[in-house]
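A.B. asks: Got a structure for you, written out below as structure tokens; questions coming shortly.
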Amino acid sequence: MATIQSKDNKTILFNYFKSLSQTPHRLRKRMLATWTPDQELNQVRLRSGADMKRKLKWYDLVALGVGGMLGVGVFVTTGPVARNHSGPSVFISYIITGISALLSSLCYTEFSVQIPVAGGAFSYLRVTFGEFVGYFAGANILMEYVLSNAAVARSFTEYLCSAFGISDPNSWRVEVPGLLQGYNKLDFSAVALVLILTFCLCHSTKESSILNLIMTAFHIVFFGFIIIMGFCNGSVENLVKPTGLTPNGIRGVLDGAAIVYFSYIGYDSVSTLAEEIQNPPVTLPVGIIGSVFIVSGLYCLMALALCVMVPYNQIAEKASYSMAFQRIGWKWAGNIVGAGASLGIVASLLVAMLGQARYLCVIGRARLVPSWLSKVHPSTGTPLNATLFLGLCTASIALFTDLDIVIEIISIGTLLVFYLVANALIYRKYVLTSKNPPFPTLSFLFLITSCAIGFSISWKLEQQWWGLPLFGGIIMVVTAFFQYTVPCLRPPSEWSVPFMPWPAAVSIFLNVFLMTTLKMLSFQRFAIWGLLITLFYVLYGVHSTFEAEEMGMKMAVNEVPNPSIQLTKLEV
């Protein structure tokens with residue numbers, strides 16, 4: 001028996017090394033290979049076995065979007081950004097980020113209506129730019145979800161401490177001497193929360209949605225309490241003391257805007273529920289755009305309330321809102337805020353963990369990761385394996401890693417994916433190989449990105465102010481010229497982004513600009529991550545998809561006289 005197993009292992013190893021020798025050929029075949037929307041909706045979805053159950057309605061989607069964003073943004077990023085970057089003008093940072101997120105949400109919405117599958121940006125990019133771009137975006141989305149969920153889970157411990165009147169957020173953590181700074185405080189409360197939510201999500205999406213709906217309703221009432229009490233007991237003078245509304249200038253406001261983009265991760269998880277909602281063409285636009293509008297307004301009011309209560313240089317970086325109420329002498333209110341914030345963080349974690357599992361499930365369907373991660377449980381209708389796997393990954397990171405280490409790499413991953421989705425929408429709408437050649441559209445996308453980078457460099461260099469009007473003007477002229485000369489031939493879908501290509505072009509510009517305001521360390525960490533996921537694709541993903549798709553097509557050709565399913569390629 002042992003001899004047979006040894007031979008099998010040797011055969012597997014031999015076949016794998018043989019596959020590696022064919023890597024260049026397989027990369028040429030697979031990197032630009034795309035699927036049609038119909039194939040994503042039908043053929044690929046069947047690989048999960050059972051279908052996900054369509055039980056969610058529009059109000060479920062709005063509540064999931066609102067619940068997913070609220071706990072993350074206000075309670076995790078507002079305090080540190082106000083203290084270190086934007087000052088009292090942190091609400092302006094939220095306005096800028098809200099505009100960018102709204103434009104990105106419009107792009108997401110049109111894609112989600114056309115391709116209502118659980119893969120979100122991964123599926124949208126795979127059907128537009130090919131397998132590798134879709135995989136790269138999907139891997140970054142998973143990275144941002146896992147890291148942000150771990151960071152938010154650790155914030156839960158901080159606010160729970162303040163709910164019990166404990167001022168030191170590390171008092172419930174176990175410090176381990178010998179571990180690196182930033183990784184040496186073990187947070188078992190965060191781990192317990194992640195594992196409990198993981199098991200809830202394994203049981204049922206609808207029941208999880210009802211739980212989120214209840215928590216989100218209480219959460220909005222609780223937000224109202226903070227906003228009203230903050231404005232009633234604060235002072236407008238705190239907005240200009242001690243060094244004015246923008247102590248670090250417009251640069252500080254924009255640096256803050258790039259960091260608080262972390263706050264808007266929740267809305268794209270709504271698009272991953274496309275296979276579990278009723279009437280997607282109506283429900284998805286209401287759920288995605290409605291939740292972004294509601295949350296943007298609440299973010300601005302909450303940020304203002306915090307800065308009105310306490311001068312920006314006295315805002316605590318940990319459990320900011322609880323500490324603010326304690327500073328004005330309302331210790332009881334600080335305890336209530338701690339409890340309410342903890343509830344909001346639970347709601348946001350629930351939605352984010354819901355979304356991350358569906359992303360991994362669809363990536364598994366594409367065979368870019370092991371296919372057992374794509375399986376949907378027949379009785380619960382949930383992606384059980386993906387939920388458990390990512391839950392364990394999130395819990396492991398939450399045990400060790402401080403928020404400061406991951407927050408900026410989360411923002412850069414989010415901005416990159418939103419940038420790619422905006423590019424993909426323009427390409428899909430304007431490039432029909434039968435009528436519009438791809439070159440004008442690709443040239444337009446290249447020029448917009450190049451000008452956005454030029455504008456950003458001019459902004460960074462400070463002395464080169466002439467570049468701002470130059471590159472800004474070029475972007476406007478090029479966009480207007482493209483709109484006038486390249487017809488939008490794609491027939492309108494049931495929901496379509498208005499005034500194209502302007503919303504997508506502005507989204508591209510804002511995402512590039514906000515990315516360049518992040519620290520160099522973020523780009524270095526992101527480069528390491530990008531190298532690792534590319535290596536995984538070369539060593540595993542491309543071979544797995546080649547064998548699943550190319551070999552499968554050959555078998556179909558041999559068995560069926562006129563095969564109806566064909567892979568297409570992005571023609572450049």
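Glycine is treated like the rest: Cβ placed from N, Cα and C.
Annotation comment: TrEMBL describes 91-111, 123-143, 186-203, 210-229, 288-312, 332-355, 376-399, 405-427, 439-459, 465-484, 496-514, 526-546 (among others) as transmembrane segment. As annotated by TrEMBL, domain 'Cationic amino acid transporter C-terminal' applies to 495-544.
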A.B. asks: Would you say the transmembrane segment (526-546) and the transmembrane segment (123-143) are in contact under the rule of three or more C-beta pairs closer than 8 Å, pairs 6 or more apart in sequence?
C.D. replies: yes
A.B. asks: Using Cβ distances below 8 Å and needing 3 or more such pairs, separated by at least 6 in sequence, tell me whether the transmembrane segment (91-111) contacts the transmembrane segment (526-546).
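C.D. replies: Contact criterion not met.
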A.B. asks: Within the domain 'Cationic amino acid transporter C-terminal' (495-544), how many residues are helix, strand or coil going by DSSP?
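C.D. replies: Going by DSSP assignments, the domain 'Cationic amino acid transporter C-terminal' (495-544) contains 40 helix, 0 strand, 10 coil.
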A.B. asks: At a C-beta cut-off of under 8 Å, are there same-chain residues at least 6 beyond the transmembrane segment (439-459) that contact it? List them, or none.
C.D. replies: 251, 254, 423, 426-427, 430-431, 465-468, 470-472, 474-475, 478-479, 482, 485-486, 501, 505, 508-509, 512-513, 516-517, 572
